[in-house]
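Accompanying notes for the structure given below.
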Amino acid sequence: MAGDPIRVLVTGAAGQIGYALVPMIARGAMLGPDQPVILHLLDIEPCLEALNGVKMELIDAAFPLLKGIIATTDTVEACMGVDIAIMVGGFPRKEGMERKDVMSKNLSIYKAQASALERHAALNCKVLVIANPANTNALILKEFAPSIPPKNITCLTRLDHNRALGQISERLDVQVSDVKNVIIWGNHSSTQYPDVNHATVSTNSGEISIRELVADDKWLKNEFITTVQQRGAAIIKARNLSSALSAASSACDHIRDWVHGTPKGTWVSMGVCSDGSYSIPADLIYSFPVTCEKGEWSIVQGLKIDEFSRDKMDATANELLEEKTIAYSCLNNLHKL
């Protein structure tokens with residue numbers, strides 16, 4: 001086995017995504033089949049009984065890689081010494097709530113958790129925010145944990161990326177593992193832009209562009225985009241529950257590639273802190289195509305952006321700017337309390 005255990009925090013661990021995620025981590029899907037882990041499971045007081053039930057099941061599963069479990073409602077205890085933090089818990093948007101109301105609720109949650117990570121997590125702790133609005137929650141966390149390097153704070157758009165891969169795989173009747181280099185630009189919301197302009201499929205004749213194989217620009221510019229954008233809502237409609245399994249699997253993909261690296265010639269989508277690439281305003285948490293090596297991500301540079309893509313990329317950036325304005329307004333109100 002690969003040395004000392006890595007400590008992984010999962011907030012909202014008694015919820016649907018947490019329940020799907022923690023056995024994947026314990027089995028090695030996130031950090032590899034030889035890497036021991038210690039799970040730090042955090043949830044709120046009303047969920048303590050369910051959280052202890054999750055702990056019981058993890059013990060009963062007898063995962064060889066699982067070297068310890070901390071299940072707690074204490075944020076400081078949960079964050080102590082963690083190397084990776086998966087932020088699943090958050091206040092969900094309910095019917096009739098405005099975005100600013102959700103952000104105001106999440107500000108309080110993320111202020112406490114970010115402060116605890118700031119003081120008690122490992123120095124190079126990697127953070128993945130899943131709770132929606134994921135991009136803006138990550139921005140809030142960055143605000144309250146200034147000593148955590150901005151490059152270490154990310155949000156999950158790998159789920160959207162994987163959804164795009166799946167849709168192309170289904171359309172072309174090819175293995176999803178043969179499809180690569182789709183891109184999710186922007187916000188994890190209905191304004192995200194799934195882009196296949198640079199994506200390819202591996203065939204017996206070599207790598208062929210998806211646009212050439214699909215040969216239907218109308219589908220690629222309309223139905224494909226809206227299907228990926230609205231996939232989460234479609235799953236809720238189908239099963240009356242959110243997409244917990246695929247979100248958990250995508251979180252494992254996100255961390256695994258970040259830690260172990262992306263295959264040569266392949267990129268993935270991650271919500272990361274913009275450095276101004278592709279004329280996206282700096283400091284927004286925005287989904288870009290990235291490659292990963294030695295635990296660091298880098299935005300893929302030099303991709304040609306056509307007018308259609310530019311409009312879509314700017315539209316989702318504008319939504320994020322609006323969310324940032326709302327979040328900072330809530331933040332100012334919080335400082336006045």
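In case you wondered, yes, glycine gets a Cβ from its N, Cα and C as well.
Feature list (source: TrEMBL):
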type	residues	note
ACT_SITE	H188	active site, proton acceptor
BINDING	G12, A13, A14, G15, Q16, I17, G18, D43, N106, I130, A131, N132	NAD(+) binding site
BINDING	R93, R99, N132, R163	substrate binding site
DOMAIN	7-153	domain 'Lactate/malate dehydrogenase N-terminal'
DOMAIN	157-325	domain 'Lactate/malate dehydrogenase C-terminal'
Nearest-integer angstrom distance between the alpha carbons (Cα) of Q16 (NAD(+) binding site) and N132 (substrate binding site): 14
Maximal Cα-Cα distance (Å) across residues annotated as binding NAD(+), namely G12, A13, A14, G15, Q16, I17, G18, D43, N106, I130, A131, N132: 19
Residue among binding-site residues Q16, N106, N132 with least C-beta crowding, 10 angstrom cut-off: Q16
Closest of G12, G18, N106 to N132 (substrate binding site), Cα positions, binding-site residues only: N106
Integer Å distance between the CA atoms belonging to H188 (active site, proton acceptor) and G12 (NAD(+) binding site): 19
Cβ neighbour count within 10 Å of R163 (substrate binding site): 23
Candidate with sparsest Cβ neighbourhood (10 Å radius) among A14, A131, the listed binding-site residues: A131
Cβ-Cβ neighbours of G12 (NAD(+) binding site) (radius 10 Å): 24
Between G18 (NAD(+) binding site) and H188 (active site, proton acceptor), the C-alpha gap once rounded to whole angstrom: 19
Entry from the recorded positions list G18, H188 having the most other CB atoms no farther than 10 A: H188
Within the domain 'Lactate/malate dehydrogenase N-terminal' (7-153), residues counted as helix, strand or coil by DSSP: 70 helix, 27 strand, 50 coil
Cα-Cα distance linking H188 (active site, proton acceptor) and A131 (NAD(+) binding site), given in Å to the nearest integer: 10
